[in-house]
């Protein structure tokens, strides 16, 4: 693949729309654009300027559509190359035809993520920022959007670069001590530096779960005895009536799912059948399914009616379970500080419960860092090498520190295999 030749792609989603965008980038992009454009010559436009005209078939002179043409000149463009965008009406037929004439004039259809790949190769962004582009495109919740934008703006890259520089400075100092002991080079507190870098790596890894949940979403299971108030609590969390509520125990015989966003996290809240001992085979199936849902959930709300005697707890994954005492507006039959009191009727305790859900899913840091699986692997490798370095004397820790610095460099793509880069960009859409 020639990474200088002109490429083109439809940059807007498939289907009909008010506006469609076709991108053209690479050597000769302005010349190709001039041949398919009737209006002000794109070659005469300054970067960041636009013109109104028509996209035409240069072989027949036939107009394809009225359009706006935008010119971005190298290196001040997304790709770092000369780049042209045609903004047409969002008709699939129009967009296909524009692509046809561009290809006929010498451009080739872009591969997946090739525009962003060229931006990476031309130094417009590092690999962590390129991954942030994809995360921003795919973001479904507000937290994922914030994470991706911060990474795209370089927040993670700057943090990693600072750690990498600390290790490289330490390596240089250790090497100077070994090579020129007679010069009296001041010894550096290597252990303290390594522990500080290790603490930063640990802090990043602590946010890996939050990053995954922000990007992929989480499942929240409501588990409890019949008539414990699970359906009412679900409706209160949603802010509208989704689940059927009845004073008759056992109203919910199967599970019910509803989408919910809390603190920017896309959740699927699952209201389950009441968990109790029963001879009814249908209800028993519902109970078994409820317990299975709890095992697979990212977080469980164990819901108990505080106005009634406390039941024996069911088998639940307690490490990721919050205990909720419902009907707190009624006189209590028991008190337990491990339970969060909530009234679905008055709303008392709902904000505290939501905050507890946020902290259980995201931790105290709040999950503002975007980390991909590839980046987490690199951080784990860096942590392993830093821990190894701590167990070695100064004159032997150099190799472990070099490998730790190299692992950190993988995050931003400074030292990364070609196949890894290809794997990152194969998940992109064609027009990006």
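Cβ atoms here come from the backbone N, Cα and C positions, even for glycine.
For 23, 85, 124, 432, the entry in Swiss-Prot reads (6S)-5-formyl-5,6,7,8-tetrahydrofolate binding site, with the evidence type sequence analysis. What Swiss-Prot lists as GTP binding site is 227-232, 246-252, 271-274, and the listing cites sequence analysis. Per Swiss-Prot, the feature K(+) binding site maps to 227, 246, 248, 251; the stated evidence is sequence analysis. Under the heading Mg(2+) binding site, Swiss-Prot lists 231, 252. The domain 'TrmE-type G' annotation in Swiss-Prot covers 217-362.
Comparing the Cα of residue 231 (Mg(2+) binding site) with the Cα of every entry in 23, 85, 124, 432, these being the binding-site residues, the smallest distance points to 432. Taking every protein chain shown into account, 23, 124, 230 are the binding-site residues, and of these the Cβ with the most other Cβ atoms within 10 Å belongs to 230. In this structure, residue 273 (GTP binding site) belongs to neither helix nor strand by DSSP; it is coil. Across the domain 'TrmE-type G' (217-362), the DSSP tally of helix, strand and coil residues reads 41 helix, 37 strand, 68 coil.
When the alpha carbons of residue 227 (GTP binding site) and residue 124 ((6S)-5-formyl-5,6,7,8-tetrahydrofolate binding site) are compared, the span between them is 58 angstrom. Within the same chain, residues at least 6 positions away in sequence whose Cβ sits under 8 Å from that of residue 85 ((6S)-5-formyl-5,6,7,8-tetrahydrofolate binding site) are 11, 21, 22, 23, 24, 69, 70, 72. Taking only the Cα positions, the spacing between residue 230 (GTP binding site) and residue 432 ((6S)-5-formyl-5,6,7,8-tetrahydrofolate binding site) is 44 angstrom. Here the Cα atom of residue 273 (GTP binding site) is found 45 Å from that of residue 432 ((6S)-5-formyl-5,6,7,8-tetrahydrofolate binding site). Per-residue pLDDT, averaged across the domain 'TrmE-type G' (217-362), gives 87. If you take the C-beta of residue 432 ((6S)-5-formyl-5,6,7,8-tetrahydrofolate binding site) and look for same-chain residues 6 or more apart in sequence within under 8 angstroms, you find 11, 113, 115, 116, 133, 134, 137.
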